[in-house]
């Protein structure tokens with residue numbers, strides 16, 4: 001690629017010969033596709049940072065520059081802009097609702113008799129559904145084979161969940177492209193040549209998609225739930241659905257596509273085995289020579305590898321991007337009934353005392369585990385019991401004297417969980433300083449707690465769906481052809497007969 005850039009800069013010509021008859025193909029699953037796309041996205045990130053693209057952009061005329069953009073890094077830049085637009089839209093709507101500006105706009109519109117405001121605010125939902133993106137494909141197939149065939153192709157693609165797959169693929173491209181832009185570190189990723197029609201364990205899917213999809217989808221889900229609670233422009237469910245339908249589709253696709261496209265992903269016995277394998281992986285200790293597939297600690301260290309080799313600018317932008325959670329917490333705190341409409345900064349400062357108390361408790365538990373868990377197990381359990389009783393007593397005091405309601409407690413949970421995640425991201429970016437202070441073990445304990453929470457939130461719906469046998473039958477029919485699907489069903493019946501014998 002870079003030799004082609006260099007040759008073009010020296011006024012050379014690059015020819016491309018394509019032989020359709022000599023084709024190469026192999027069977028791949030979702031994980032192999034994601035690894036390949038991650039590899040290509042990282043490569044495009046390095047191209048974006050290179051001086052070759054900079055020089056080409058300065059020396060090309062307008063039309064060749066457009067051609068260069070759309071045939072090299074433009075696709076990944078456009079994909080990143082799509083996801084950043086979703087983030088900007090969500091945080092912007094949340095700011096309007098939490099600050100009271102949205103309520104004031106709606107009240108002003110009602111006073112003026114402007115009933116069209118709601119229709120204007122929900123009009124973008126038609127564009128968000130992605131119908132405009134599918135229009136070129138429909139026109140091409142329609143001109144070549146007829147518009148009835150084009151409509152049939154579109155319906156079949158939706159039944160095959162093509163929209164879910166490509167939405168999930170968008171998250172893979174954006175994550176690795178953005179990480180390479182911030183920190184560098186493109187590398188070769190082996191996609192494997194094995195038999196891909198096999199069940200991938202939950203721990204494997206979690207390791208592969210935790211940072212690229214799951215954390216971002218859970219963040220968007222929290223923002224959507226909070227916006228539903230405090231918005232004034234969409235008081236009824238119909239309007240809210242029109243406004244946020246595409247974003248909910250993005251969240252569901254990023255959270256559950258790996259299990260939907262996983263063979264036997266909703267088979268109950270495999271779900272039980274996956275959960276046991278995941279708990280064993282989470283509880284295993286890491287260390288030198290322990291691979292990421294055997295221990296959560298080794299995988300966590302491997303996920304932070306890009307921060308060890310990044311520069312000061314990369315760490316700075318990592319911290320700046322984490323500050324969005326603090327702004328989110330700032331808006332949530334002033335919505336609590338216990339605040340009693342007090343808008344002073346003292347209220348926001350007092351909210352940090354709760355976070356400071358949680359950090360102190362984590363440090364006490366971490367120190368207790370190091371000193372007492374091996375030789376004084378009873379003392380360590382008594383320490384955890386004392387902390388639990390103190391926590392319950394504090395909640396009861398808040399309910400009694402500060403009139404803390406159940407809604408306030410849920411709002412605090414929704415507000416402080418992202419704040420803790422932001423503190424974790426900042427601590428990881430400032431790893432040398434945190435290690436020097438002696439808080440790295442507490443950071444690891446906090447990270448492990450968040451991993452448990454995220455995995456349970458993702459695993460619970462999959463386990464519930466696995467209770468119903470028709471879900472597994474639908475998935476088998478969706479992923480495979482009729483002969484293979486029938487073979488899997490017969491194999492289950494034979495396995496059940498052998499177990500009964």
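Cβ atoms here come from the backbone N, Cα and C positions, even for glycine.
Note: TrEMBL annotation is automatic and uncurated.
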Of 345-366, 477-498, which span is tagged transmembrane segment by TrEMBL?
345-366
Matching range for TrEMBL feature annotation, transmembrane segment, among 196-217, 218-239, 240-261, 262-283:
240-261
Stated TrEMBL location of transmembrane segment, expressed as one of 75-96, 295-316, 317-338:
75-96
What residues in the same chain, six or more past the boundaries of the transmembrane segment (150-170), come closer than 8 Å to it by Cβ-Cβ distance?
30, 33-34, 37, 79, 82-83, 130, 134, 137-139, 141-142, 213, 249-250, 253-254, 257-258, 260-261, 478
Long-range environment of the transmembrane segment (408-429) - Cβ separation under 8 angstroms, sequence gap at least 6:
215, 219, 222, 225-226, 229, 304, 307, 315, 318-319, 322-326, 328-329, 332-333, 335-338, 351, 354-355, 358-359, 395, 439, 443, 446-447, 450, 453
Taking all residues of the domain 'Glycosyl transferase 48' (1-315) together, what is their mean pLDDT?
84
